[in-house]
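Have a look at the structure below before the remarks.
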Amino acid sequence: MSTTHNLRVDGARLWSTIMETARFGATPAGGINRLTLSQEDGQVRDWFRDACEAAGLEVRVDALGTQFALRRGRDMTRLPVACGSHLDTQPTGGKFDGILGTLAGLEVMRALNDAGIETEAPLLLVNWTNEEGSRYAPAMMASAAYAGEFTVEDIHSRRDAAGIAVKQALEAIGYLGDEPVGERRIGAFVELHIEQGPILEAEATTIGVVEGGQGIAWFDGVVTGFESHAGTTPMPRRRDALNGFAEIALAVERIAHAHGPTAVATIGEAVIGAPSRNVIPGRIRFTLDVRDPKAETLDAVESELRAELDAIAGRRKLTIELTRIWRKEPVPFDAGVVGAVEAATRGLGFSHRRMVSGAGHDACNIAALAPTAMIFVPCRDGISHNEAESATQGDCTAGADVLLQTLLTLANAPVRAG
Ligand code: HGY
Ligand code: MN
Ligand code: MN
């Protein structure tokens with residue numbers, strides 16, 4: 001497949017938007033702390049809205065704050081071909097996770113405007129609310145609701161650690177939109193993202209043609225023992241929640257290794273209830289994130305872990321609760337859109353390889369509604385969810401050019417009968 005004319009994005013302009021928006025939530029270490037629906041998220045949303053409107057896009061906001069920016073096409077009866085990602089970050093986030101895909105979509109619109117190109121089908125650029133799932137669970141929250149996995153009422157009522165509900169947070173930054181969630185239909189979705197892993201860089205490969213996303217299971221855990229005096233309680237009489245938790249953490253690690261190399265498991269949060277240096281911890285709350293490309297491995301990890309928790313609880317006279325709060329099944333992307341990404345990459349002459357995403361993405365939810373695929377570019381040392389996250393202007397530009405060509409292919413494809 002040849003590329004459409006020799007149309008290319010303006011890599012320097014894309015890079016400058018990434019660096020310009022990094023100021024919203026900038027951290028001293030060079031990262032971004034821009035939790036969903038925070039004041040900083042509100043600021044970058046305003047910037048994004050103004051930039052989209054300046055590019056002639058029609059911007060709307062739905063009841064979960066997701067921003068939709070429409071570029072009209074010659075045939076407005078066709079469903080729009082969508083792109084985009086997210087602008088919220090982890091507390092120790094970087095400049096590229098989600099941001100590259102969202103701002104590359106803006107750059108595509110700008111490049112088409114500069115070239116005076118109108119596509120047959122309209123194009124749609126999306127900034128999905130709360131992809132990260134750090135402040136409010138689950139991750140990829142708004143795209144999951146858009147795909148019908150949660151009701152808007154359920155999501156609106158979810159509260160963060162400070163007890164602030166999603167609806168309150170949306171109102172506080174002026175992004176409680178009036179568009180019903182999921183009402184707007186799309187014809188296809190293509191998401192550009194940094195790989196967030198080491199494979200592309202290790203293989204000196206520019207583009208990942210992503211065939212799907214692995215499965216994810218999230219759990220909340222509570223270990224309950226018995227607070228008592230650090231000085232007067234003999235060791236054999238203790239019901240120490242922290243030491244019980246320590247065994248849990250090592251069991252999680254051991255079970256994940258046993259199902260390696262694909263399975264991964266992470267305890268990202270662990271909080272002692274009412275900590276005090278001279279009180280034996282009586283209660284620990286923790287979170288657990290388990291992932292694998294196969295659903296049956298997620299099942300096996302969960303059942304083996306539950307057996308271990310029973311044994312630890314019995315040995316240490318603790319109670320241990322593990323509640324699964326979210327599960328995303330492994331998802332295959334659409335062969336046709338994957339093929340379009342691969343053909344665009346070939347047409348541009350970039351090195352590439354097929355792969356499955358280790359991270360969750362909004363594309364993993366949208367795949368249930370419309371033909372979907374992803375494009376990966378390398379990030380330095382595979383680092384992400386870390387302030388040191390880094391990518392090159394060349395790779396970001398290459399990814400944006402693959403996105404541009406893929407969107408042109410999909411938006412100008414003849415309408416399939418039926
Ligand atoms: O957790 C994830 O995979 C995504 O970065 N939210
Ligand atoms: Mn992301
Ligand atoms: Mn992320």
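For all residues, glycine too, the Cβ spot is worked out from N, Cα and C.
Record features, source TrEMBL:
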type	residues	note
BINDING	His86, Asp97, His193	Zn(2+) 1 binding site
BINDING	Asp97, Glu132, His385	Zn(2+) 2 binding site
DOMAIN	214-314	domain 'Peptidase M20 dimerisation'
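Among the binding-site residues His86, Asp97, Glu132, His193, the residues whose Cβ lies under 6 Å from any atom of ligand 3 are, in sequence order, Asp97, Glu132. Less than 6 Å separates the Cβ from ligand 1 in the case of Glu132, drawn from the binding-site residues His86, Glu132, His193 in sequence order. The two recorded residues, His385 (Zn(2+) 2 binding site) and Asp97 (Zn(2+) 1 binding site), have Cα atoms 8 Å apart. Taken residue by residue with DSSP, Asp97 (Zn(2+) 1 binding site) is part of neither helix nor strand, so it is coil. Its Cβ taken as reference, His385 (Zn(2+) 2 binding site) is surrounded by 18 other Cβ atoms within 10 Å in the chains shown. Listed in sequence order, Ser85, Asp97, Gly98, Leu100, Gly101, Ser357, Ala359, His361, Met374, Ile375, Phe376, Val377 are the same-chain residues six or more apart from His193 (Zn(2+) 1 binding site) with CB atoms under 8 A from its CB. Here the binding-site residues are Asp97, Glu132, and the one ringed by the most other CB atoms within 10 angstroms is Asp97. Counting only the Cα atoms, the space from Glu132 (Zn(2+) 2 binding site) to His86 (Zn(2+) 1 binding site) is about 8 angstrom. Assigned with DSSP, the residues of the domain 'Peptidase M20 dimerisation' (214-314) fall into helix, strand and coil as follows: 41 helix, 30 strand, 30 coil. In three-state terms derived from DSSP, His385 (Zn(2+) 2 binding site) belongs to neither a helical nor a strand segment and is classed as coil. Cβ atoms within 8 Å of the centroid of the Cβ atoms of His86, Asp97, His193 (the Zn(2+) 1 site) belong to the same-chain residues Ser85, Phe96, Gly98, Ile99, Leu100, Gly101, Thr102, Glu131, Ile194, His361, site residues excluded. Reduced to three states, the DSSP call for His193 (Zn(2+) 1 binding site) is strand. For the Zn(2+) 2 site, the Cβ centre of Asp97, Glu132, His385 serves as reference, and the other residues of the chain with Cβ at most 8 Å from it are Thr89, Gln90, Gly93, Gly94, Gly98, Glu131, Ser134, Gln196, Ala359, Ser384. The predicted model assigns the domain 'Peptidase M20 dimerisation' (214-314) a mean pLDDT of 98. Neighbours of His86 (Zn(2+) 1 binding site), defined as other CB atoms within 10 A of its CB across all chains, total 28.
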